[in-house]
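Trainee: I have a structure here, written as structure tokens, and I will follow up with some questions on it.
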Amino acid sequence: MTDQQLTTRAKVERSMTRRRRAEMRFRAYGVMSIAFGLLCLVVLFSNILGQGLSTFRQTVLEVNLHIDGDALGISRQSSEAEISAADYETLLKNFMREKAGATSRDDRRLAGTLVSVGAPWQIRDAVLANTDVIGDHLRLEIIMDDDVDQWYKHDRDIGQPGRLKDNQIKWLESWIADGSLHTRFNTTFFVNGDSREPELAGIRGAIAGSLLTMLVTFLLSFPIGVAAAIYLEEFAPRNRMTEIVEININNLAAVPSITFGLLGLAIFIGLFGVARSTPLVGGLVLTLMTLPTIIISGRAAIKAVPPSIREAALGLGASRMQMVFHHVLPLALPGMLTGTIIGMAQALGETAPLLMVGMIAFVVDVPNFISDPATVLPVQIFLWSDSPERAFTERTSGAIIVLLAFLIVMNTAAVWLRRRLERRW
Amino acid sequence: MEMNFSQHISGQFNTDLEAIRSHMMAMGGLVERQVANAIEAITSGDTSPADEIIRREDDVDRMEVAIDRECTQILVRRQPAASDLRMVLAVSRVVRDLERIGDEAQKIAFHALEIGGSANSGFCQQAIRYMGAEVCKMISGALDAFARHDVDGAIDVVRHDKLVDQQYSAALRELITYMMEDPRSIGQAINILWILRAIERIGDHARNISEQVIYVVSGADVRHSSLTEMEERAHPDNAAED
Amino acid sequence: MPIIKDHKTDGLPFSDSPKLKARNVNVFYGEKQAIYDVSLDIGANEVIALIGPSGCGKSTFLRCLNRMNDTIEICRVDGQILLDDDDIYGSKVDVVPLRARVGMVFQKPNPFPKSIFDNVAYGPRIHGLVEHRDELHEIVENSLKRAGLWNEVKDRLHAPGTGLSGGQQQRLCIARTIAVDPEVILMDEPCSALDPIATAKIEELIDELRENYTIAIVTHSMQQAARVSQRTAYFHMGQLIEVNPTDLVFTTPQHSLTEAYITGRFG
């Protein structure tokens, strides 16, 4: 008897070592996979941040410009239209030639290309904002051309000329020395719409487009999704018909998103004649894409409400609707909202279906309403990543950083909302 | 589902119930021997078994206490219901009756010692022998009926008790006649009277045991009821099968 | 197939003053039959205990009495159940007022995740029993008092009901049920999740409630059935085997199946 007990214990002991080893191994696998994931994340972030953070700085030239009213043909009493129409470009070119001290024909041209093509508008806007400067001096930080920007931010440190000529570098170096050429926070990136010129291109249009699209998506998909989830879970009779609907919803969640784009193109634009390239049609398409996610997560949230609560309500003589609206829905709402926000976050990052409904168009103006032509952040990223200019590569990463920031904010909101709503009980 | 209901789910419960039953039977066997020996001592005039009877009465008392404790244990631990509850209650009651029978046997033994060798004086010898044999049969009959759940056997015992009662009355009349004939025999006669009385009581206790058999089997409490009533209630139309 | 062919319930399934009458009730879950031809009266102001092994149909039968089985789609009920001689399965009967008349207390204490006050006030509110807030307050107070909970919660009526102990939660559920002033209270193993002290309090409460209500209680505890009920009904594999006064069932059951179950020979 004792012998047998001993051997049993010995067996257990032996198997324990084996078990412990297996557990250690399993834990090691887990740690490894998480480490791998973290590594990927770090690589991704460092890559994007490394490339994109410089987007948020912009090279400018601080100038003290004499606004010669006579040369421009305007006075302080001139109308807005007259002031707008004045030739600031020549003014700026002349100023730059003087500042660079360029005399030769080539040098004069080179000096003129140092500043952004948007710089004259900058002067115009400043003059329009304050007509008192006409005939006087205007202190202004002029946006430099993207080649200068790139040279200043990247090539100068490693002694490369970038795309600049020797003369230009000479001038720039002297301006750096006297402190007039420096970088500042890149507000242009946030207040401008898209542009062919990288130094003038911004994401405000894309952000506005994304927000409007999300608004449409949310306003449509949340009520429809929640209503559908409640109906399917609480009211629908269990028959072949609802089964088919259920299977279809589950399948829709797995449909490639570009298919929804095609559907949107055919139905919303082709059949109902909704305007292309607008947040409205984009929102409609994204609604189609988000609905399955919201319905499925909504149903899961409803299912998670303990049946005992339903029974309690029914047992007291609550009608089905009272039961749903008084008890089930309040308990399921946090889950539904989380599902919705996750669906929205997914929609926010979606590109493919929007390409199909024309939201890939080059839109300079910032959209103000859901029927204005617009693009969205991910599409903007896609567009920029396709551009040859080096400065656009930088902006692509910058826009990605902004998009990621939005997603993080949304997910945090989801977590916060869930906590807050749940904490009530 | 298993449809064999002879066993409890709890094996220990079975064992416990079986234990009180068999302990009760053992006690019954002992008590029965005590009575037989006491009658033997009286009728044979050989007083030697009497001491033995008085000594063993302690065993009977101890058994009663022990079995009663076992019954309490079952009540507390198992909260028996229905037939199990009736069994435990009945065992507890039967044990008390057995103990009383033991007391009566002891009394007979005392009287046997008192009468001493003069037992063959002849008073009611016939009646004592006859009634003694009868109550011994009743005790064993009642215990058998209990063991076999035999309602008819139990009713038979009750019927015998009637006979014993009749014989007791007859013996009393006989005894009175003796006493009136010869007042000097009154001392002796009173001893005999007590013995007759003890035997009659033993019969009554045996009857009580039989009544418990009916209680266990059919659930009818037939104490203090007439024989016909008893027969009726022991066999209701749909008596519980067991 | 029923386990016993042509079975007729032993004992006294009918009552002289019935509140609820079930006649030849058969219940099916899809193809499977759960209840076979059960006829049983539940007398006014009596506590009837329904006992039997798991899956014997006692809960199913109880749930027929206020049509809680309606929530299970595949469940079909045959036969008649009369509440004061009105067929509750009649075509014109609305389950909502029915459930106000026949309340139910469940196995697991299931207070709503609302305040204690709102829990009790919910029934009166949805049924429109009160006009003013004062009236509502009175109903809540009376119900809590009758459920023996008032003294324990009167200072925290607006604390969540889910914060109470298990026994208190169950008494809250009973208070919630009696707040709509039902005629019959069905209890589905109301003490199975509670400790002995809480159980004793609920049992005491059941005894007090008997004065005003008719109570049917399903229980797995035979001792509980013995303690609280006047009559006990034994179900076996969907059949009603025996109904008798409780003391009789627990000392001398009529049917061998009842005997075998309550003596612990199966189940």
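These residue numbers are counts, starting from 1, taken along the chain as shown.
Even glycines carry a Cβ here, placed using N, Cα and C.
Look at TrEMBL and you will find A:206-232, A:252-274, A:280-302, A:323-348, A:398-417 tagged as transmembrane segment. Residues or ranges marked as domain 'ABC transmembrane type-1' by TrEMBL: A:207-413.
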Trainee: When only pairs 6 or more apart in sequence are counted, do the transmembrane segment (A:280-302) and the transmembrane segment (A:398-417) reach 3 or more Cβ pairs under 8 Å?
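Mentor: Counting Cβ pairs under 8 Å (6 or more apart in sequence), the transmembrane segment (A:280-302) does not reach the transmembrane segment (A:398-417), since there are fewer than 3.
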Trainee: May I ask which of the stretches A:206-232, A:252-274, A:323-348 has the most CB pairs under 8 A with the transmembrane segment (A:398-417)?
Mentor: A:323-348
Trainee: Restricting to the same chain and to residues at least six past its boundaries, which positions have a Cβ under 8 Å from a Cβ of the transmembrane segment (A:323-348)?
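Mentor: Distant contacts of the transmembrane segment (A:323-348): 210, 213-214, 217-218, 221-222, 225-226, 229-230, 234-235, 286, 289-290, 293-294, 296-298, 300-302, 304-305, 309-310, 312-314, 376-378, 403, 406-407, 410-411, 413-415, 417-418, 421-422.
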Trainee: Which residues of the same chain, at least 6 past either end of the transmembrane segment (A:206-232), have a Cβ under 8 Å from a Cβ in it?
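Mentor: For the transmembrane segment (A:206-232), the sequence-distant neighbours (Cβ-Cβ under 8 Å, at least 6 residues beyond its ends) are 194, 242, 245-246, 249, 279-280, 282-284, 286-287, 290-291, 294-295, 298-299, 301-302, 324, 328-329, 336, 340, 343-344, 347-348, 354, 359, 363, 366-370, 374-377, 379-380, 399, 402, 406.
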